[in-house]
Amino acid sequence: MEQVLLLLIFLPLVAALITAFTGNAAKHVAMVFALASLAITAAIACQFTPDASKQFVVNLPWIQSLGINFHAGIDGISLITVLLTNVLVPIIILASYQSDYKKPASFFALILFMQAGLLVVFTAMDAFLFYIGWEAALIPIYFICAIWGGKDRVRVNMKFFVYTIGGSLFMLLGIIYLYLQNPAHNFDIQAFYQLSLDPAQQGWIFWSFFIAFAIKMPVFPFHTWQPDTYTEAPAGGTMLLSGIMLKMGIYGVIRWLLPIVPAGVQDWGTTAIVLSVIGIVYASLIAFTQKNAKRLVAYSSIAHVGLISAGIFALNTQGMQGAMIQMLSHGINVVGLFFVLDIISSRLKTNTISELGGIAKVAPKLAIAFLIIVLGTVALPGTNGFIGEFLLLMGVYQFNIWAVVFAGLTIIFGAVYMLRMYQHVMLGKTNELTIGFEDIRGTETLVLVIICALIIVLGVYPKPILHLSEASVQQLLEQVNQKLTSVK
Amino acid sequence: MNIIITIVVTALAVLYAGLFKATKALLPLTLVGLLVALGFCVTAWDTNTIYYGMMQMNNFAIAFSSLLILGTAFIFLLTENYFAKDSENVAEYYTLILFALSGGVMMVSYTNLSMLFIGLEIMSVSSYILAGIRKNNFASNEASLKYFLMGAFSTGFLLFGITLIYGATGSFSLGAINSYLVGNYKMVSPLFYPGVILMMIGMCFKVGAAPFHFWTPDVYEGSPSLITTFMSTVVKTAAFAAFIRIFAGTFAPLHDFWMPPLMVIVCLTLFIGNVTALFQKNFKRMLAYSSISHVGYLLFSLITLTSTSNNNVLLYTAAYTFASITAFAVLILVKQKTGGDDFESFNGLGKRNPLAALALTVAMLSLAGIPLTGGFMGKYLMFLNVMNQYQIYLVAFAILNALVGFYYYLRVVVAMYFKEGADVLLETPVQYKVVLILSVIITVILGVYPSVILNLI
């Protein structure tokens, strides 16, 4: 059974190498491999027993003299992110079917390469392996965004790259420090959990990890790379960045930050929540004023992630479970939003809100799908966004009432700017530009149907997902609390 | 000893082949000679032979010799038609490079300071001539003159240092000097301290550490690119191995004395190398400054001195050597076609020559230190050891510098893939392909499975 996880991780890597040489048939080849990964993930999810244990564990010696092992496994928290990755990658590949990328083979190969990196991040139980996956996921997305991106792509992506790699280098510093503190001299996550570090050490390790994760998510004030990068990236790149990559940061906080340095979290968690809440309000306010729909969604993403981050640092079951389900929902919704905007901009060559309008009249199918996605994003009850945001707000409420007042504003703000955007883009009178708008067809319909179905199914019946992660989340929180009491 | 004899005999044979105008035979002859030398390296493994107290072929020496020989062989593969443009008598180029290599082998295996000096001089004098081998080229002459003057100057420092140490201990032998230090730990002769410092300055000159680096950029830029490749990889590796052989071995008891000034040198080297590289418009000059910054990272191994230092340096220099050879190989290709060696010349290379562009990308990622490349493992090990002694601020400083490095290494990648260039296809000669592919494979292997080197010495 252990081999399944190896297969899961290495299949995309092999797939990337094969896809790179398939020329114009690349999208089909990539699709086949992505579906194969999805099938393996489905098999893993079926075999998975929803308790707190690590399953499908592989532990192979890698660089023995340095205490580095290829140690990976899946628990409930990992499974959710693995599911997210392997569900979204085929959707993103399918969504790129109509786009006319130059050198498609490289494009799809890079997506698959990134998938491998992401899967390593989400399953690693060895800090060094985690770091390798963390960087390995960054290189392909940098090239995707910088080769196929918009006009200003070079400058914007240089900023993105240096920003994120700067963050991760300081995380590496923290990892090395933990390794040196570990008497067993390895990078095993369990050994890291057991370390007893004094609060001062925990404080700076907290920051060395938190900055890396905060840049990835991004949390205010580390977000400045994000809107430009999202706007300039090609549609596929934006979906990868917003749908999957930012979850690396969230996952990192849950898996590595909280259990390893709980005292650091206790000392600085409030700061993190305050930053998250500031980010929520700030990003929502800026989203209001955006003229470009893609930028608006980018800022809304900062607001949503801020809420997830606040929910995690509240350190209770509701917040954490809310974060788990919201990671999945946000991934699906944001990919849907960016896909719709890509459909619009590929036909009309613009995403400027004021130039659009009345598309619903000429493209009713798109209008319905877009509406469902927007409603999912603004967390209408019955959609996937609702349950996550509800749990998150409940979690933050238990932490502090004022935090929840401000965080709760996102729901209202979000509803206002999202619906306003929908109104200006889809409703109203058609103008000369939008009159000839062609409704969705072929693969576009397929993608949107899948996304809408996921939004509704998860909204109506989120229990299976919550059930998957529940035991792991419980155990994680107990572990954190236990460690905190033992420090006292 | 067989190794040095083989190399020297090859060099002389090449010279005679040149006399009889057998230009076609030069390269095969050289490569065969180097392969034989490499074979001797393999058979000498674990034998630890000592030659009359002058040289010791221990595993350290053999590992570094192999690296030097392999690097030189790669560089020879790039010579196709390279020198023929400049002169009809290409045999002398081959011979000089081989002589320099033999000096390099002495520098990694000496156990006597006189051998260090002889090896250093054989290597340096050959390099001075090589730098100026384009007799009619102004820049090449300038490079040679600067290199010679600075080299002679630094050799002076080194010699003076050796003299003082001889005065204190009465011996040139590393073993004797070391046992003097251990025996008289509390009352080391006052002559010894300035001797160590002067030797350190001399070695810093040779490896190009700041503030003794001023010759590097001009010499690297002015010399023919292939010679620059040789100087920045083989010569630098040999000099560094010589540095570490004496400081990490013989002078280790005085670590507390020479470590603080070295730390200052490291910080300066990292800062000056990286920040100056940032402002270069010329790719070759950027590589020159980046090579300075790599010396900074390498010197970390002398600051910490652990049992794994030698292996770490071997890994780092191997990663650096193969990445640099790739970078220079692509540079030579580009320069031959476009005539320029600034960043703009690389525009659109991703389309014009995908293989070269990919190889250069891997090389740049390795020099910058991105995981899954040898360069990352090298940097990681250096950081690990420094952290181990809790010099966290030094590591934080190095990390900030590495961050600057990402920026300038990526600039050429940006030029290759994201900027439009002339639509001329660039052909790659077969030998270049071999070198590029092998270097990329080595770089990735060192990054993914560094255990091949880590437990060697």
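Cβ atoms here come from the backbone N, Cα and C positions, even for glycine.
Feature annotations, reproduced from TrEMBL:
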| type | residues | note |
| --- | --- | --- |
| TRANSMEM | B:25-45 | transmembrane segment |
| TRANSMEM | B:57-78 | transmembrane segment |
| TRANSMEM | B:90-110 | transmembrane segment |
| DOMAIN | B:112-402 | domain 'NADH:quinone oxidoreductase/Mrp antiporter transmembrane' |
| TRANSMEM | B:145-166 | transmembrane segment |
| TRANSMEM | B:191-214 | transmembrane segment |
| TRANSMEM | B:226-252 | transmembrane segment |
| TRANSMEM | B:258-279 | transmembrane segment |
| TRANSMEM | B:286-307 | transmembrane segment |
| TRANSMEM | B:313-334 | transmembrane segment |
| TRANSMEM | B:355-378 | transmembrane segment |
| TRANSMEM | B:390-410 | transmembrane segment |
| TRANSMEM | B:430-449 | transmembrane segment |
Listed stretch, out of B:90-110, B:258-279, B:286-307, B:390-410, B:430-449, that has the most CB pairs under 8 angstroms to the transmembrane segment (B:226-252): B:90-110
Long-range environment of the transmembrane segment (B:258-279) - Cβ separation under 8 angstroms, sequence gap at least 6: 196-197, 200, 204, 209-211, 213, 217, 247, 251, 286, 289-297, 299-300, 302-303, 394, 397-398, 401, 404-405, 407-408
For the transmembrane segment (B:355-378): best-contacting stretch of B:90-110, B:313-334, B:390-410, B:430-449, by Cβ pairs under 8 Å: B:313-334
Long-range Cβ neighbours of the transmembrane segment (B:191-214) (under 8 Å; 6 or more residues past either end): 120, 124, 150-151, 153-165, 167-169, 181, 236, 239-240, 242-243, 246-247, 251, 254, 257-258, 261-262, 265-266, 268-269, 271-273, 291-292, 295-296, 298-299
